[in-house]
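J.: To start, I am sharing the structure in question, which I have written as structure tokens.
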Amino acid sequence: MPGLKRILTVTILALWLPHPGNAQQQCTNGFDLDRQTGQCLDIDECRTIPEACRGDMMCVNQNGGYLCIPRTNPVYRGPYSNPYSTSYSGPYPAAAPPVPASNYPTISRPLVCRFGYQMDEGNQCVDVDECATDSHQCNPTQICINTEGGYTCSCTDGYWLLEGQCLDIDECRYGYCQQLCANVPGSYSCTCNPGFTLNDDGRSCQDVNECETENPCVQTCVNTYGSFICRCDPGYELEEDGIHCSDMDECSFSEFLCQHECVNQPGSYFCSCPPGYVLLEDNRSCQDINECEHRNHTCTPLQTCYNLQGGFKCIDPIVCEEPYLLIGDNRCMCPAENTGCRDQPFTILFRDMDVVSGRSVPADIFQMQATTRYPGAYYIFQIKSGNEGREFYMRQTGPISATLVMTRPIKGPRDIQLDLEMITVNTVINFRGSSVIRLRIYVSQYPF
């Protein structure tokens with residue numbers, strides 16, 4: 001019996017002592033054996049592995065491993081405990097071979113899988129999908145992500161974990177949208193300002209070329225960033241609605257655009273001249289047409305065509321009144337031997353001239369001068385007749401000359417006849433006589 005007792009003791013000790021070289025195999029990857037307690041402790045890879053997760057990923061330690069997840073999705077660590085925190089440090093070592101004796105007992109024990117695993121039909125430890133079996137402890141606002149030997153409680157995109165709850169992330173605070181952002185639970189929506197359209201990326205905005213898509217302008221459309229402007233053709237101005245164009249009345253801007261008349265037309269204007277004038281190359285000034293030179297008049301062969309500003313005059317032949325006699329084409333003389341000529345001007349000379357309507361005053365318009373200067377004689381110049389309106393006066397400019405001055409602007413058309421008298425006084429021979437210039441002034445209708 002003492003020999004049998006020794007054999008049983010050795011067999012039992014063989015069952016409980018670890019197999020040489022197999023101590024590290026008691027802990028799987030991700031765990032390390034604590035030699036003092038004999039327990040398998042989790043390895044914190046996030047601390048021991050340099051740059052375990054890179055970029056914008058965050059390292060989260062798990063029992064037996066670690067996860068790299070986006071920083072916007074913090075991991076909720078479930079409340080389950082370390083499977084190796086109990087006194088059991090299995091799996092158990094294989095049983096020692098039985099003592100080769102038919103009457104000695106053989107001791108064996110069943111295989112056990114660690115926490116998070118279960119035995120399949122082939123006696124293999126396989127991972128338990130806690131998410132599929134609904135054996136997790138994730139909050140209803142969270143989602144369960146199965147891992148090897150465990151699970152992770154995480155949040156969907158658009159949420160972040162805070163004190164076990166998934167809270168909505170306000171993406172609008174981080175400038176995800178180029179222009180307008182509207183936060184919604186778990187997501188966000190980007191929109192664009194008027195004049196822009198959302199690109200396919202759902203975030204950036206692109207200018208809309210309204211001139212190509214709508215062309216709202218009546219005349220010319222110019223696209224701008226986010227909008228457009230309408231422009232009008234020359235001669236038009238933009239209305240208050242910013243779209244329509246209305247004709248610009250250039251003639252109302254200034255009375256000096258045209259010398260005579262400004263005629264407005266859609267988008268432009270033109271200058272016109274009255275009959276008897278032609279428009280010059282500057283398209284604003286009018287020039288008189290000399291009908292007499294162009295033989296574009298209605299005078300008879302006996303009449304003389306006299307050109308005026310804007311017209312012409314047909315002047316009849318000079319007819320001298322008694323007792324005057326015609327000398328030449330434009331002079332009448334009273335014979336000295338005729339007693340009826342004693343108190344009459346010795347000669348009457350006919351002259352014609354024209355002035356424009358409203359001519360600025362004072363204006364020197366005609367000059368009168370004696371042809372001969374006699375010793376001891378002096379000359380007096382005056383307006384004998386036709387100046388009832390006091391529109392003229394004679395200014396003597398020298399001993400034998402004087403100038404007719406117009407003192408008031410005269411509006412045409414109008415014909416004026418003045419008798420300008422030159423009186424000759426000779427004290428040596430006691431002589432006094434006179435000569436007259438009968439000046440016919442034709443005032444035109446227009447001031448040009």
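Along the chain as shown, residues are numbered 1 onward.
Note that Cβ sites are derived from N, Cα and C of the backbone, with glycine treated the same way.
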J.: Say which of Cys332, Cys334 is recorded by Swiss-Prot as the disulfide partner for Cys320.
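T.: Within the candidate set Cys332, Cys334, Swiss-Prot assigns the bond with Cys320 to Cys332.
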J.: What's the CA-CA gap between Cys245 (disulfide bond) and Cys221 (disulfide bond) in angstrom, rounded?
T.: 12
J.: Taking the Cβ of Cys192 (disulfide bond) as the centre, count every other Cβ atom within 10 Å, in any protein chain shown.
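T.: Result for Cys192 (disulfide bond): 19 neighbouring Cβ atoms inside 10 Å.
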J.: Other than its close neighbours in sequence, what residues sit by the domain 'EGF-like 3' (168-206), given a CB gap under 8 Å and a spacing of at least six beyond its ends?
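T.: Hits for the domain 'EGF-like 3' (168-206): 72, 156-160, 225-228.
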J.: In terms of Cα spacing, which of the disulfide-bonded residues Cys53, Cys68, Cys138, Cys192, Cys262 are within 10 angstroms of Cys144 (disulfide bond)?
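T.: Cα filter at 10 Å returns Cys138.
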